[in-house]
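Q: Shown below is the structure under consideration.
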Amino acid sequence: MVRMKMKKKIDIEIIDKKQIPQSEPERQYYFMDIAKNYVEQLAAKKGSPLTFHVTTFGCQMNARDSEKLVGILERIGYVETDTEEADFVIYNTCTVRENANNKVYGRLGVLQNYKKKNPHMLIGLCGCMMQETVVVEKLKESYRFVDLIFGTHNIYKFAELIVTAMESDSMTIDIWKDTDQIVEDLPVERKYSFKSGVNIMFGCNNFCSYCIVPYVRGRERSREPKEIIREIEQLVADGVVEVMLLGQNVNSYGKNLKEPVTFAQLLEEVEKIEGLERIRFMTSHPKDLSDELIEVMGRSKKICKHLHLPLQSGSSRILKIMNRRYDKEHYLELVDKIRAAVPDIALTTDIIVGFPGETEEDFEETMDVVRKVRYDSAFTFIYSKRTGTPAASMEEQVPEDVIKARFDRLLKEVQKISAEKAEALTGQTLPVLIEEQNEQDASLVTGRLSNNSVVHLPGTADMIGKILDVKLTECRGFYYLGERADGNGQTV
Ligand code: SAH
Ligand code: SF4
Ligand code: F3S
């Protein structure tokens, strides 16, 4: 750890540390107690509780990590606020595309102004972007007002790092290259009471040639099935009805455990948990999607009727250079098999436009897959060059205007198909998990179908967290309007 010694920055009475536990998670609970004492001292000086704000960029993994950060901050006495004008602001960053990084630099300028007004303020940065050496160098150079920087591998040490940052007068930086450690049983504060992400694995071993994730998230590590089951059982006891199992490639779950387990086997165990109603998972890599998984999905009562199956490109030639290890034909076969086993399943995908060397013919292959599969929805991305990945040094980067034109064509096609597909469910009555009160209209609540589509219906806050039968009365492109089918609601 780099720690530049000087006088401490915030005025606290430093606690003399004795007998720091060496094992985890005990060590972190010990530091939470110390941090709690410091937070109390600062709150007494300020005359009101200290506030925090966690801003999350990126994917579901980061969202889940942020819940762990919040869990610790609340435990040590900080109170959440919805503005970044807080006593502790932390950015949990993403670096999958260049624009994710630019957003962070832009917003740091605003935080610097808040910090000038508030002597108690601490600014922390963590997440994927911090695993890049160039980023940390830039922060050390031009963003000296940041107090704490750590990465993806040592997030479990957050309590200990807060104590270090509070006791130090300059930037505390702790970045690990990789880890084989998985620390269980730290505090977590869920954003939703009724649904939760559950990490089943960390890292990625696939090295798709455009992707930075394996470099910033490290090697693939699976959690023990019994730890996953125990966590879900606790969540269910605490009111959770839906879980989203998280991993960069859930289909290769369990391969490296001492006693190997397949993802399909894990799903069957999760299915047995009484009180759990819905199971989702993200993300499925086509190369590892097994017949066993398709079978389990076919007979499951709880696995949601939605599969996110990233295509990236429809051109077998480009897929090879992308190192995806499947081709167009294999992908289309998979789609047929899945639809045969689960006829009403919604399929969604990720597509990259403008990968180096992508020709008009390659792009047409992507359009062809889009037309053949008819995705319920698709996330489309413009290729972003990530330093250090093999694709970044490939010649033949596609000109921006060509990419833009292809992107627009793809988006139009994807949107047209999504709208047509959505229309098909209108008039049906289906179970909806009510998730929140509608932001624009408080007389409405918003929920999701098993296939992940959004539904708005008249309702009240007490419906949140319940699965109710809803008649889909109208389709508005990407969402539905509905009404309770049990006679307890009125039409929108
Ligand atoms: N593990 C998941 C994807 C995680 S990243 C999988 O393999 O499917 C989420 C999505 O970001 C990817 O599916 C890809 O479409 C997109 N992405 C990743 N790197 C990118 C890059 N360099 N430029 C543009 N999009 C990228
Ligand atoms: Fe990136 Fe490929 Fe790993 Fe997904 S599977 S995170 S796209 S390297
Ligand atoms: Fe971004 Fe890291 Fe997720 S780079 S997409 S937050 S794994």
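From the backbone N, Cα and C atoms, a Cβ is placed for every residue, glycine too.
Automatic, uncurated: that is what TrEMBL annotation is.
What TrEMBL shows for this protein is this:
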type: BINDING; residues: Cys59, Cys94, Cys128; note: [4Fe-4S] cluster 1 binding site
type: BINDING; residues: Cys204, Cys208, Cys211; note: [4Fe-4S] cluster 2 binding site
type: DOMAIN; residues: 50-167; note: domain 'MTTase N-terminal'
type: DOMAIN; residues: 190-420; note: domain 'Radical SAM core'
type: DOMAIN; residues: 423-486; note: domain 'TRAM'
Q: Could you say which of the binding-site residues Cys59, Cys94, Cys128, Cys208, Cys211 has its Cβ with the most other Cβ atoms inside 10 Å?
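A: It comes out as Cys128.
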Q: In whole Å, how far does the CA atom of Cys208 ([4Fe-4S] cluster 2 binding site) lie from that of Cys59 ([4Fe-4S] cluster 1 binding site)?
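A: Spelling it out, the Cα of Cys208 ([4Fe-4S] cluster 2 binding site) and the Cα of Cys59 ([4Fe-4S] cluster 1 binding site) are 17 Å apart.
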Q: Tally the residues of the domain 'MTTase N-terminal' (50-167) by DSSP class, grouping H, G and I as helix, E and B as strand, and everything else as coil.
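A: Counting residues by DSSP class gives 63 helix, 23 strand, 32 coil.
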Q: Starting from the Cβ of Cys204 ([4Fe-4S] cluster 2 binding site), draw a 10 Å sphere and report how many other Cβ atoms land inside it.
A: 22
Q: On the DSSP side of things, how many residues of the domain 'TRAM' (423-486) fall into helix, strand and coil, could you say?
A: 4 helix, 35 strand, 25 coil
Q: Quick one: of the binding-site residues Cys94, Cys128, Cys211, flag those whose CB is under 6 Å from ligand 1, and say none if nothing qualifies.
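A: What lies within reach of ligand 1, judged by Cβ under 6 Å, is Cys211.
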Q: Other than Cys204, Cys208, Cys211, which residues of the chain come within 8 Å of the [4Fe-4S] cluster 2 site, judged by Cβ distance to the Cβ centroid of those residues?
A: Asn206, Phe207, Tyr210, Ile212, Val213, Pro214, Gln248
Q: Between Cys204 ([4Fe-4S] cluster 2 binding site) and Cys94 ([4Fe-4S] cluster 1 binding site), how far is it from one CA atom to the other, in Å?
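A: Rounded to the nearest whole number, the Cα-Cα distance is 15 Å.
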Q: Identify all same-chain residues not among Cys59, Cys94, Cys128 whose C-beta atom falls within 8 angstroms of the centroid of the [4Fe-4S] cluster 1 site's C-beta atoms; report them in sequence order.
A: Phe57, Gly58, Met61, Asn62, Thr93, Thr95, Val96, Ala100, Gly127, Met129, Val213, Val216
Q: Out of Cys59, Cys94, Cys128, Cys208, Cys211, which binding-site residues lie by ligand 2, with a C-beta less than 6 Å from some atom of it?
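A: Listed by sequence, the hits are Cys208, Cys211.
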Q: Per-residue pLDDT averaged over the domain 'Radical SAM core' (190-420) comes to what?
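A: The average pLDDT of the model in the domain 'Radical SAM core' (190-420) works out to 97.
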Q: For the C-alpha pair, I'd like the distance in angstrom between Cys94 ([4Fe-4S] cluster 1 binding site) and Cys211 ([4Fe-4S] cluster 2 binding site), rounded off.
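A: It is 12 Å, counting Cα to Cα.
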Q: With the Cβ atom as the reference point and anything under 6 Å counting, tell me which of the binding-site residues (Cys204, Cys208, Cys211) are near ligand 3.
A: none
Q: What's the CA-CA gap between Cys128 ([4Fe-4S] cluster 1 binding site) and Cys211 ([4Fe-4S] cluster 2 binding site) in angstrom, rounded?
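A: The separation of the Cα atoms works out to 12 Å.
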Q: For the C-alpha pair, I'd like the distance in angstrom between Cys59 ([4Fe-4S] cluster 1 binding site) and Cys211 ([4Fe-4S] cluster 2 binding site), rounded off.
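A: Rounded to the nearest whole number, the Cα-Cα distance is 14 Å.
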